[in-house]
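This report refers to the structure that appears directly beneath it.
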């Protein structure tokens, strides 16, 4: 055996749990790509107010460009090229001559240039840092990368804010159901016997009720006059309250199997106290699974919120979420004429896919037997 | 045989207990709605111009039996629910059983159709992908099945609508052609339904297929690595014969077991898909009951019925598993 491989082996055997998981995770290309996408999305959600050129609510609307098509800044036109990307000025007309439809006329001789770090609508970064500098904007007029909706709100800005909303809903919802699951599953798994049977029965009953109809039933009780922020918290709470059974079951099953493992018996024979066993042996055997479960259940919370808001029972304006943005897209008018309403969907598919892939990669990485099996 | 009957009876009792717990949850939810049926009915009458007093509300409450204690009302609701009688809808003032009738059965068949489709695709493809060592096949299947998970059915339904309106100029919506909408059941009407039902079945089956594919693949790759498969291969079995006769039969049990939860997942998507495709069955009725009018009586009945069909399917799969799997059968007969 050569020296370098000896040190590699040494590093392997002395590595901590986290280092081992990270080392295994790094080997999975799909999971790494997904993790990168996820980090980018999280960051863009976090810095949405700075990255988006306009306020996502009615305050930032462009009233001269309702239902406007996406505008992509370009570098060249028939008058030559410029290093700074620009747009042409557009005049829109709706009259008898255009059959009362908006018709755009591009004025190819007038350029509007893209500016960076411009002052614009004021916002609060992370909810408390005030600012009004946006990454990009125009020297005159507006730029709408993904077009605008029927109120003239910039879809690009709304998308970034919606990503942030979804991340918030997902995190809060998962945390709530996680706490419930840990408590309920923990009690069932720890005590076993009669308590376990009763809890299992109730859990199974809750699990058989289809959750989205159940969400809808609970969400329908929310008085419509509540403010958007209250609604947001209540919806998240509901998502958490309905989501616990699956997680609770896993916690319980895991506790039950681990409790009877040989290493626990060995520790008991060595005279370790129950608290020591739980702290040093059971919990570490457990955390990786829990983290994986949390990551995996995350997209379902996000998707449930989207579905709820889509049918009008979830979040409402001025809170931005994908469901809110998609509320009116089933109209034939939108389907035929304003397809850019669907651009945010791509972001959400990317977000959910990223979570699923990362969760899957984590699960493989956290499984100590995954290497020997291959 | 006696043992088997006892097993079936235990399972049936367990299913009933689950239903009772579910009914308690659903009924308590219905109670939580601000305002009850009496108030809602009289509020409706008020909009029609007749003046109402508190005494009217009390009288209406007494007529509907809403002045009884919670437990009494729950037991009578439960007793009615098992006979298929859910009382009258709060807003529409029609017998719920009559209102739901066909609609519930149509939605159930659509969902079962989606489930069937999902496994028709997932079982062969899952087995092939578990057995194959071709990385391209496996990776592309993985992406497809993740896409099925990530793209919720209602987004898929939206996309199908988008594509069909943009490219075919046709919105593929509804369950019946106009001339058959209110017609009595006949062969032609069933054929017309089948002509329209393929799209909801396909859309609902989409993510169910993705889930099923993952289950089948995981179970199969676990079984394929086991020693009895190696032993069978050593005896000269190979290819399809080997896969179907040994690991596939072992993997069947958990798959049958998970059918109930797959149906649950499909029910989750039903109302929203129904909304997009403007179907007129139980899912959209549920939406209407909840989103527009807060009709707790109707909503409770629909949720209870959906859950009851899942519980029934779970019971059926338990029995089926005992019949087809000798290991389960033997453990019962012991």
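Heads up, the Cβ atoms here are built off N, Cα and C, so glycines get one too.
Listed in TrEMBL for this protein:
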{"type": "TRANSMEM", "residues": "A:30-51", "note": "transmembrane segment"}
{"type": "DOMAIN", "residues": "A:163-359", "note": "domain 'ABC transmembrane type-1'"}
{"type": "TRANSMEM", "residues": "A:172-193", "note": "transmembrane segment"}
{"type": "TRANSMEM", "residues": "A:205-224", "note": "transmembrane segment"}
{"type": "TRANSMEM", "residues": "A:230-247", "note": "transmembrane segment"}
{"type": "TRANSMEM", "residues": "A:289-315", "note": "transmembrane segment"}
{"type": "TRANSMEM", "residues": "A:338-358", "note": "transmembrane segment"}
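For the transmembrane segment (A:205-224), same-chain residues at least 6 beyond its ends with a Cβ under 8 Å from one of its own Cβ atoms are 231, 234-235, 238-239, 241-243, 245-246, 249, 304, 307-308, 311, 313-314. The transmembrane segment (A:172-193) is not in contact with the transmembrane segment (A:30-51), judged by fewer than 3 CB-CB distances under 8 Å for residue pairs 6 or more apart in sequence. Taking Cβ pairs closer than 8 Å, the transmembrane segment (A:30-51) reaches residues 123-126, 131, 133-135, 157, 160-161, 163-164, 166-167, 347, 350-351, 353-358, 360-362, 364-365 in its own chain, all 6 or more past its ends. Residues 30-31, 33-35, 37-38, 41, 67, 69-70, 146-147, 149, 155, 158-159, 162-163, 166, 295-296, 298-299, 302-303, 306, 322, 325-326, 328-329 of the same chain lie 6 or more positions beyond the ends of the transmembrane segment (A:338-358) yet place their CB under 8 Å from a CB of it. For the transmembrane segment (A:230-247), the residues of the chain that approach it from at least six positions outside its boundaries are 165, 168-169, 172-178, 180-182, 184-185, 203-204, 206-207, 211, 214-215, 218-219, 222, 293, 297, 300-301, 304-305, 308, 314-316, 319, judged by C-beta separation under 8 angstroms.
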